[in-house]
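Undergrad: Input: one structure, supplied below.
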Amino acid sequence: MTDLPDSTRWQLWIVAFGFFMQSLDTTIVNTALPSMAQSLGESPLHMHMVIVSYVLTVAVMLPASGWLADKVGVRNIFFTAIVLFTLGSLFCALSGTLNELLLARALQGVGGAMMVPVGRLTVMKIVPREQYMAAMTFVTLPGQVGPLLGPALGGLLVEYASWHWIFLINIPVGIIGAIATLMLMPNYTMQTRRFDLSGFLLLAVGMAVLTLALDGSKGTGLSPLAIAGLVAVGVVALVLYLLHARNNNRALFSLKLFRTRTFSLGLAGSFAGRIGSGMLPFMTPVFLQIGLGFSPFHAGLMMIPMVLGSMGMKRIVVQVVNRFGYRRVLVATTLGLSLVTMLFMTTALLGWYYVLPFVLFLQGMVNSTRFSSMNTLTLKDLPDNLASSGNSLLSMIMQLSMSIGVTIAGLLLGLFGSQHVSVDSGTTQTVFMYTWLSMAFIIALPAFIFARVPNDTHQNVAISRRKRSAQ
């Protein structure tokens, strides 16, 4: 990329900065949840909605981000994304109640939903085709550093300042990024087809109300009748979308995607698989602090081996899948992640804390292999005219399933625990033990889906071609 103009390199730095902000925010909050709960007068068992409100908003808004960028311009939308994300961070820091914090996190989610896909679109428009891969590697590298720094930085800020600072640090960075975007980024636009607003609203309503219903009386305090009403509304909305999308060439996501068997299996497996694995980044720092008494900073440091394992495995996942095939790799990693989850709880309850970093490193390796394999299996056989739509649907499902996973984890804690965590450490650890065993069971379930994947090892070279675009 050394032969690119200086203006283009600056634009790539702006996109990289956006990737870093978004990835940092997805991990920095987890370590601070117990401190937030204490400050806001809430039970730590109910703080999962701080994560869900952000991730669910990202899932809902993702389908509209690319169309908005083409219609209004990448600079205008990227600038708007940074401003909304920064304002959301400010409102998060100023929140005095859990409900205020949830609304502020949703505003952050609107910005986060536009930042990454619009950033990818910007790179496609400003970089020559032959240098696109190198440019994407450059801008996504900070996005890999974010999860590495997030948990430890969050713990450090909570322990030596307050949880408010995990949001306040975004403000000066966001202001600089917004100004740089206006000054340096070109406002590319493209001719767009008519946006499927009806389909977008039906999907948004379906996803939001079903997730809210899943949280149920334990989290939101809704009556059984209200929960039943939400379920009915959500199911009707999704059924109406299917009817709307049938034989509709302008649908948000064409039903023709599901004619490709590997896409259907991969999408179903990704949805179920990320429900289970989405619980782990939320539950691990909460358990380390509440169940084992770790400090926020110590709990944050314990998450680093998991990220390192994930980053290290990405270098060899292509060879692993090419050697053993998608079906074997996905079944093995799914069952392996379930076993590693139980191993983590066992070593923690036995007091073998020195073993935990190695277990978390192994968890990161297994999870990374499974993620990359799921992504590429889903997209590898799609025809070119459906590849973009399939990738967008996969991105939405990834965010939705993670929000559902965190919701289920919070629900399990509520079922096995009480309104407030007991001062008896033995009781608290029992609550987490039952929750962890339930999580291990849920994590193992997608193996039944992956067992139906065709044994097509000779086609697995596709992973090296599509891996980066799918992640």
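Backbone N, Cα and C define each Cβ position, glycine as well.
These numbers come from a predicted model, not from an experiment.
What Swiss-Prot records for this protein is below:
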TOPO_DOM  1-11  topological domain 'Periplasmic'
TOPO_DOM  33-48  topological domain 'Cytoplasmic'
TOPO_DOM  70-76  topological domain 'Periplasmic'
TOPO_DOM  98-101  topological domain 'Cytoplasmic'
TOPO_DOM  125-137  topological domain 'Periplasmic'
TOPO_DOM  159-164  topological domain 'Cytoplasmic'
TOPO_DOM  186-196  topological domain 'Periplasmic'
TOPO_DOM  218-224  topological domain 'Cytoplasmic'
TOPO_DOM  246-262  topological domain 'Periplasmic'
TOPO_DOM  307-341  topological domain 'Periplasmic'
TOPO_DOM  363-395  topological domain 'Cytoplasmic'
TOPO_DOM  417-430  topological domain 'Periplasmic'
TOPO_DOM  452-471  topological domain 'Cytoplasmic'
TRANSMEM  49-69  transmembrane segment
TRANSMEM  77-97  transmembrane segment
TRANSMEM  102-124  transmembrane segment
TRANSMEM  138-158  transmembrane segment
TRANSMEM  165-185  transmembrane segment
TRANSMEM  197-217  transmembrane segment
TRANSMEM  225-245  transmembrane segment
TRANSMEM  263-283  transmembrane segment
TRANSMEM  286-306  transmembrane segment
TRANSMEM  342-362  transmembrane segment
TRANSMEM  396-416  transmembrane segment
TRANSMEM  431-451  transmembrane segment
Undergrad: Against the transmembrane segment (77-97), which of these stretches has the most C-beta pairs under 8 Å: 138-158, 165-185, 225-245?
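TA: Ranking 138-158, 165-185, 225-245 by Cβ pairs under 8 Å to the transmembrane segment (77-97) puts 165-185 first.
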Undergrad: Between the transmembrane segment (396-416) and the transmembrane segment (342-362), are there at least three Cβ pairs closer than 8 Å, leaving out pairs fewer than 6 positions apart?
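TA: Counting Cβ pairs under 8 Å (6 or more apart in sequence), the transmembrane segment (396-416) does not reach the transmembrane segment (342-362), since there are fewer than 3.
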Undergrad: So, by DSSP, how many helix, strand and coil residues make up the topological domain 'Periplasmic' (307-341)?
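TA: Counting residues by DSSP class gives 31 helix, 0 strand, 4 coil.
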Undergrad: When each of 49-69, 138-158, 165-185, 197-217, 431-451 is checked against the transmembrane segment (225-245) for Cβ pairs under 8 Å, which one has the most?
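TA: So the stretch in question is 197-217.
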Undergrad: Should anything in the same chain at least six residues away from the transmembrane segment (49-69) have a Cβ under 8 Å from its Cβ atoms, list it; otherwise answer none.
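TA: For the transmembrane segment (49-69), the list is 25-26, 29-30, 33, 36, 77-78, 98, 101-103, 105-106, 108-110, 112-114, 117-118, 121-122, 192, 195, 200, 203-204, 207-208, 211, 215, 219, 252-253, 282, 392, 395-397, 399-400, 402-403, 406-407, 410.
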Undergrad: What residues in the same chain, six or more past the boundaries of the transmembrane segment (431-451), come closer than 8 Å to it by Cβ-Cβ distance?
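TA: Cβ under 8 Å, 6 or more out: 265, 268-269, 272-273, 275-277, 279-280, 283, 287, 290-291, 326-327, 330-331, 334-335, 337-339, 341-342, 344-345, 349, 408-409, 412-413, 416-417, 421-422.
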Undergrad: Summarise the topological domain 'Periplasmic' (70-76) by DSSP state, stating how many residues are helix, strand and coil.
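TA: For the topological domain 'Periplasmic' (70-76), the helix, strand and coil counts are 6 helix, 0 strand, 1 coil.
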Undergrad: Would you mind listing the long-range same-chain contacts of the topological domain 'Periplasmic' (246-262), meaning Cβ under 8 Å and 6+ residues beyond its ends?
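TA: Cβ under 8 Å, 6 or more out: 63, 193-194, 196, 199-200, 203, 377-378, 380-383, 386, 389-390, 392-393, 453-454.
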Undergrad: What are the helix, strand and coil residue counts for the topological domain 'Cytoplasmic' (98-101) according to DSSP?
TA: 4 helix, 0 strand, 0 coil
Undergrad: When the topological domain 'Periplasmic' (246-262) is classified with DSSP, how many of its residues are helical, how many are strand and how many are coil?
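TA: Residue counts in helix, strand and coil order: 7 helix, 0 strand, 10 coil.
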Undergrad: Count the residues of the topological domain 'Cytoplasmic' (159-164) that DSSP assigns to helix (H, G, I), to strand (E, B) and to coil, and report the three numbers in that order.
TA: 2 helix, 0 strand, 4 coil
Undergrad: What residues elsewhere in the chain lie close to the topological domain 'Cytoplasmic' (33-48), defined as a C-beta under 8 angstroms and at least 6 residues from its ends?
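TA: Non-local partners: 95-98, 101, 158, 162-163, 219, 282, 285-286, 289-290, 296, 406-407, 409-410, 413-414, 417, 419-421.
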Undergrad: Can you tell me which parts of the same chain pack against the topological domain 'Cytoplasmic' (98-101), counting only residues 6+ beyond its ends and a CB-CB cutoff under 8 A?
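TA: Sequence-remote neighbours of the topological domain 'Cytoplasmic' (98-101) are 36, 40, 42, 46-47, 49-50, 91-92.
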